[in-house]
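*Asks:* From Swiss-Prot, here are the annotated features:
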- His111, His113, His128, His185: Cu cation binding site (BINDING)
- His128, His136, His145, Asp148: Zn(2+) binding site (BINDING)
- Cys122-Cys211: disulfide bond (DISULFID)
- 1-65: transit peptide (TRANSIT)
Amino acid sequence: MAAHTIFTTTSTTNSFLFPIASSNTNSAPSLSSSFHGVSLKVKSKTPQSLTLSSVTSPKPFIVFAATKKAVAVLKGTSNVEGVVTLTQDDDGPTTVKVRITGLAPGLHGFHLHEFGDTTNGCMSTGPHFNPNGLTHGAPGDEVRHAGDLGNIEANASGVAEATLVDNQIPLSGPNSVVGRALVVHELEDDLGKGGHELSLTTGNAGGRLACGVVGLTPI
């Protein structure tokens, strides 16, 4: 890479002649100048080149990826309860780890709802989180609510454990899910394909068994 040139200044010396009176009016004039007298040295400034390598370069600005983590503790009016953790690295997808107990064996709709309001139990958490104004669908569908997380399956002991990865439920930014509520439902979510009048809004997943507000937690 060719060196860049930066101009600085340094001192050099120029000479100027100042006339002085001569005591001999009959002297012939000098052939080298119309003046004669003493010289005075005056400093002036001329540019001098300096390569960029001799200048201290600023240190690069480094941005570190930030990991964010949140948790929701689910409770309801029945014996259904659970803990859900959400983790996001930088601006990547969010990983959701679910463990819920007290469920009937089988599939249960699992959604993120718009509000973190549980003053009236899970009913006051509002509809599915849907910032794009789309209809209900499966997690892998192009047309879906951001809060459509599909189904979780409870075993014969009523325990559902699952790990979900989704890129529509970030923990920061304008569509952050922090402060909203996770809800587990009574029935299987038909993923918008059941043909029921509620299929395109709730997946016809039935009642809300337990819910919890998503809150940030230390890493």
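Cβ atoms here come from the backbone N, Cα and C positions, even for glycine.
Mind running through what each feature is packed against?
*Replies:* Annotation for His113 (Cu cation binding site): spatial neighbours Thr125, Gly126, Pro127, His128, Phe129, Gly147, Arg180, Ala181, Leu182, Val183, Cys211, criterion Cβ-Cβ under 8 Å with sequence separation of six or more. In three-state terms derived from DSSP, His113 (Cu cation binding site) belongs to an extended strand segment.
Long-range neighbours of His145 (Zn(2+) binding site) (same chain, six or more residues apart, CB within less than 8 Å of its CB): His111, His128, Phe129, Asn130, Leu134, Thr135, His136, Gly137.
Reduced to three states, the DSSP call for Cys211 (disulfide bond) is strand.
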*Asks:* Would you mind reading off the Cα separation of His185 (Cu cation binding site) from Cys122 (disulfide bond), to the nearest angstrom?
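*Replies:* Cα-Cα, rounded: 10 Å.
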*Asks:* Using a 10 Å cut-off, grab the number of neighbouring Cβ atoms around the Cβ of Asp148 (Zn(2+) binding site), all chains included.
*Replies:* 30
*Asks:* Which of the three DSSP-derived classes (helix, strand, coil) applies to His145 (Zn(2+) binding site)?
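*Replies:* Reduced to three states, the DSSP call for His145 (Zn(2+) binding site) is coil.
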*Asks:* Return the count of C-beta atoms lying within 10 angstroms of the C-beta of Cys211 (disulfide bond), excluding that atom itself.
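*Replies:* The answer is 26.
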